Amino acid sequence: MTPGLVPGTGPGQVWDAPVASGPLDATVSVPGSKSLTNRFLVLAAIAAEPVTVRGGLRSRDSDLMIGALRGLGIEVDDSGDEWRVTPGPVRGGAHVDCGLAGTVMRFVPPLVLLADGPVSFDGDEGARVRPMGPLLDALRALGATVEDGGTGTLPFTVTPPAAIPAEVEVDSSSSSQFVTGLLLTAPRLPHGLTVRHTGETLPSLPHIDMTCETLREAGIRVDQPDERTWVVHPGEIRPGDVRVEPDLSNAGPFMAAALVAGGTVRIPGWPAVTTQPGAYYPELLARMGATCTLDGDVMTVGGTGRVAGIDADLSPAGEITPTIAALCALADGPSRLTGIGHLRGHETDRLAAIATEVERLGGTCHADDDSLTFGGMPAEGLAGEVMETYHDHRMATFAAIVGLAVADVKVLNVGTTSKTMPDFPQMWAGMLGAGA
């Protein structure tokens, strides 16, 4: 076995999810935020000067973003812990592999508005069913030519326009990343850009707030005259040297472990103020029976091994749903999670996947268009099975959380966590005191 490799973590292999043998007492340092890492990389690529990114997440998603930017002619030196991005003219004629990274497939196409020729995009098979139509329509409205065979999905080719208007409408009901992708490129457009959301709902609003804050920190003026409109003024992007916050969404499974197993888990580096959706964890976990205390920059989560049910609207922070859902599957009482219909278009249909896996274990979970309802059954009523991850990193961590309390849970392809947390199996074992 390769040194440091946890058995069962290779592609297609089955990983035996470890059961917690007693209360936890662990400090877990999580890597940098994927969302911030890829936003910083895009802004650095079109900045007015070279940018150093410290604490960036090393993962498949960030590697795909770096590969995309290099293909567009941007110099990225990621050979050390500090990455150096040297901006330059955006080059056409490239092919971008999006993998399964929503940030790549939604943030990079608007950059082609600045390019000197067409750029083609494709990705994993699972990426070809993820919604892209509204963003592609917005690029057409901005003058670009988009060839997608009428599917509104990958693969597609974007050819830059001769002239670019100053306003665009986009329906971001299925993904806030459509708005973010347009906002990130906006400062480099001749007149900036006003982006108006036209859909009925707007999920994951904190991610758009994150984008606006990242732009402002880079010296760009961003106005928001109403909750559906963003005005980005043209200007030079100057992020300077940036440091990436720890990924609070990835901290969630370790925090949840304290509830399930009992004991204490500490997360160092927790920011006092943040736009990350993972900032909702302390409030939600407290409602489910945890104690959550921020002392300096250390978030400490304590639990008793019992989990209370919850009724929560997760529309502002949909990506944390699988972690909260794992707790709901183990809760003493019923739970309902709402405002999460957009998760049907993530790496997999997460609502269907969660319901299927809970039922596989003998629990009760119903998925409808916008919510999940759990019957509530303590772990002793569930039985271990081989759990599918659907090539979705958050379904892998969902299964790991359940496996803390349910014996004989086996996780198919836990290595999918490499999308945002390549060392997850080793970190999970370390938290439990099992080493790597």
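In case you wondered, yes, glycine gets a Cβ from its N, Cα and C as well.
TrEMBL lists Lys34, Gly102, Arg130, Arg350, Arg394, Lys419 as phosphoenolpyruvate-binding residues, and of the candidates Gln177, Gln224, Gln276 the one it assigns to that same site is Gln177.
The DSSP secondary structure for Lys419 (phosphoenolpyruvate binding site) is helix. Secondary structure at Gln177 (phosphoenolpyruvate binding site), taken from DSSP and collapsed to helix, strand or coil, is helix.
A separation of roughly 12 Å, to the nearest angstrom, links the Cα atoms of Gly102 (phosphoenolpyruvate binding site) and Glu319 (active site, proton acceptor). Checked against Arg130 (phosphoenolpyruvate binding site), the recorded positions Arg39, Ser176, Glu319 differ in C-alpha distance, with Ser176 being the nearest. Look at the Cβ of each of the binding-site residues Arg394, Lys419 and count the other Cβ atoms within 10 Å; the largest number goes with Arg394.
The Cβ neighbour count for Arg350 (phosphoenolpyruvate binding site), using a 10 Å radius and every protein chain shown, is 26.
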